[in-house]
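Note sheet for the following structure.
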Amino acid sequence: MTLTARDLAKTEGVLTARPEDSLASALGKIHSSHDAVFVTEKGQLLGVISPYQVLYRGHYPAATKVKNCLFLAPKLKPETKIDQIARLMLEAKVYFLPVVTPAGKWLGVVSYRRLLRQLTGFKLRPKPLVKIQDSLTVSQARNLMKTSGVSRLIVTSGNDRLAGILTRYDLSKSLNLPPSAPVKAYIKHDVATFRQTDNPVNIINQMVDRRIGSLVMVNQNNQPIGLLSVRDCLAALAQPAITQSNSLQVKITQVRSGFEAIVRSGQTAAHAVGRFKKQTLRKSLERLSRQLKRK
């Protein structure tokens, strides 16, 4: 059975805020950059406060009222399938999405953790990582994340052994510091790790149970050799929906190109539409004829 948003929605433990609350108070409720706070008024969902949107894209002051920095996250229909949910999370970069009926009733929230619990039978592919020493300054770390296109830097010791991790979320806490300040104070030394030979289900469970955004793959010498993030796992879940979306986009492009070619030939719009319909019908009949010949 294919799970849907209705099956995965939760109503307990959802982080909420009121429109007049400050951004600082809303962000104080979250535990990681993947969390989200839902802003409600009189039982109605107004929008979402996402660390990615307010800290990395918007740069809103801490005293900003949440009603002024809301993000309108995609709304899931009760029947939205799990691969589509994962795709929408990736596109919005928000890993908690509301489930809303056609009548506008808010049924609950689907979290990325509930999605990851369903990740079985997939081959996990850790990505390359970017290593640093703990002597880096705040400015250097920010620039390295920006130029490398990563949100996590792996800290190693002199013998290349894993010593810690610096995330974009933790680095955001240093906004009031001078650029030359060291990043040491923002490095986490309790890093979740796994080996290449570990059971994928156990790897996912560790990520979900510890409520962390990534795991570092290490070798037998505790040297970091790869990184697996929540985003990587969601991408594996979303692959069927992404493939379907890409296929549809190709078809749309082909249809548009064919119609534009007919219009460029100098025909009127009415003639172009008529000819386009005939061409589409002819292609459908040819495809049906080929299928019948195979039988």
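Each residue, glycine too, has its Cβ placed from N, Cα and C.
Annotated domain 'CBS' per TrEMBL: 124-183 (among others), in sequence order.
Taking H, G and I as helix, E and B as strand and the rest as coil, DSSP gives the domain 'CBS' (186-245) the counts 27 helix, 14 strand, 19 coil. Among the features that TrEMBL reports, domain 'CBS' is placed at 186-245 (among others).
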Just to be sure I understand, if DSSP states are collapsed into helix, strand and coil, how many residues of the domain 'CBS' (124-183) fall in each?
18 helix, 16 strand, 26 coil
